[in-house]
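Copied from Swiss-Prot, the annotated features are:
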BINDING   Thr10, Gly11, Ser12, Ile13, Gly36, Arg37, Asn38, Asn124, Glu126, Gly215  NADPH binding site
BINDING   Lys125, Ser151, Glu152, Ser186, His209, Ser222, Asn227, Lys228, Glu231  1-deoxy-D-xylulose 5-phosphate binding site
BINDING   Asp150, Glu152, Glu231  Mn(2+) binding site
Amino acid sequence: MKAVTLLGSTGSIGTQTLDILEQYPDRFRLVGLAAGRNVALLSEQIRRHRPEIVAIQDAAQLSELQAAIADLDNPPLILTGEAGVTEVARYGDAEIVVTGIVGCAGLLPTIAAIEAGKDIALANKETLIAAGPVVLPLLQKHGVTITPADSEHSAIFQCIQGLSTHADFRPAQVVAGLRRILLTASGGAFRDWPVERLSQVTVADALKHPNWSMGRKITVDSATLMNKGLEVIEAHYLFGLDYDYIDIVIHPQSIIHSLIELEDTSVLAQLGWPDMRLPLLYALSWPDRLSTQWSALDLVKAGSLEFREPDHAKYPCMDLAYAAGRKGGTMPAVLNAANEQAVALFLEEQIHFSDIPRLIERACDRHQTEWQQQPSLDDILAYDAWARQFVQASYQSLESVV
């Protein structure tokens, strides 16, 4: 039985992970939970799954959480704040930590789990995007395995299983025989919109993802295609390929989750209904596969599978991500932080949808003079904070988009 800790338990990744643990009580045991501020859902999860330790990021919610579970026998230890979440990440006999915290907030807890020798089911892509130069050496130092828990990188990970033994996979090392990675993208909420309409986008429009049920931030990232750009950087760190050999293709049906091209031009793909539980389950169970009762893919029902080249004019965030990835060093951290802040401003209706890439580009351009090739963790955290402050301070000076 594998002992599991879950970070970000009240979010989309977290609730689906708990569904999996509940379906396989003989395979997984929950050790710890960490969440942001959703006391109602967290208290329900505590009652249902009985973790040993819990952290709530928002310390102001502590008394309410304690009151909500006051009648429990043997209640869990409850911690608060970033320090509490980090302590949960490194706590006890958990063998694997699912990192479902959205954004760069998941970075320090993930590093704490790695330093405690715990394997990582990586749903928080920002860990590698912002801090790949720091995280990759830590994985090797502590002998930790990282398994991707998002659909695209899980698809690639599954496809390369036939190219090497399980012991051969090491992040950032190219698997023998692998030539190219093709990341599929749904195209998000605006894949069928003309570029001219994007200046009219509302928050409600951007949150209407055609295929996946996800959190607000990642749904906006899907609409800008920044999500796919960030996944390109993550794929570079996970699988070691140069950016010239990592491509994006629009696949509206979201049935093929990604593909790999081999040296002999053969192409392998992983297919399935758009269901986040599939990559989460494999990240937890790897190298084993567990039987499920979930709906199997019916190719006849799926019908036609389409592919399109992404429109660079519609999705400028994609090119910004490639440029930041190629620059490396601290630039991906600045890109990621600027995007998080810009998306937050958009969700608060402080900026237009089309302002998101403009703010990100401004931050990356300004960072050129301060860029570092071999940053420390402190450097990455400092530039992450700088990029957020820069976007917050500069958004009001944007000229209106006509």
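Each Cβ is built from the backbone N, Cα and C atoms, and glycine gets one as well.
Computed from a predicted structure; not experimentally measured.
Feature map: annotations from Swiss-Prot on the structure.
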{"residue": "Thr10", "record": "NADPH binding site", "CB count, 10 Å": "23"}
{"residue": "Ser12", "record": "NADPH binding site", "CB count, 10 Å": "19"}
{"residue": "Gly36", "record": "NADPH binding site", "CB count, 10 Å": "20"}
{"residue": "Asn38", "record": "NADPH binding site", "CB count, 10 Å": "18"}
{"residue": "Lys125", "record": "1-deoxy-D-xylulose 5-phosphate binding site", "CB count, 10 Å": "28"}
{"residue": "Glu126", "record": "NADPH binding site", "CB count, 10 Å": "26"}
{"residue": "Asp150", "record": "Mn(2+) binding site", "CB count, 10 Å": "22"}
{"residue": "His209", "record": "1-deoxy-D-xylulose 5-phosphate binding site", "CB count, 10 Å": "18"}
{"residue": "Asn227", "record": "1-deoxy-D-xylulose 5-phosphate binding site", "CB count, 10 Å": "25"}
{"residue": "Glu231", "record": "1-deoxy-D-xylulose 5-phosphate binding site", "CB count, 10 Å": "29"}
Within 10 Å of Asp150 (Mn(2+) binding site) by C-alpha distance: pick out those among the binding-site residues Ser12, Gly36, Asn38, Lys125, Asn227, and say none if nothing qualifies.
Lys125
Proximal residue to Lys125 (1-deoxy-D-xylulose 5-phosphate binding site) among binding-site residues Thr10, Ser12, Gly36, Asn38 (C-alpha distance):
Ser12
Whole-number Å only: compute the distance from the Cα of His209 (1-deoxy-D-xylulose 5-phosphate binding site) to the Cα of Ser12 (NADPH binding site).
14
Using Cβ-Cβ distances, find the residues under 8 Å from Glu152 (1-deoxy-D-xylulose 5-phosphate binding site) that belong to the same chain and are at least 6 apart in sequence, listing them in sequence order.
Leu183, Thr184, Glu231, Ala235, His257, Ser258
With an 8 Å cut-off on Cβ distance to the Asp150, Glu152, Glu231 Cβ center, who else from the chain surrounds the Mn(2+) site?
Lys125, Pro148, Ser151, His153, Ser154, Leu183, Asn227, Lys228, Glu234, Ala235, Ser258
I need the CA-to-CA distance for Asn38 (NADPH binding site) versus Asn227 (1-deoxy-D-xylulose 5-phosphate binding site), whole Å please.
25
Secondary-structure category, per DSSP, in which Lys125 (1-deoxy-D-xylulose 5-phosphate binding site) falls:
coil
Could you state the whole-number distance in Å separating the C-alpha atoms of Thr10 (NADPH binding site) and Asn227 (1-deoxy-D-xylulose 5-phosphate binding site)?
21
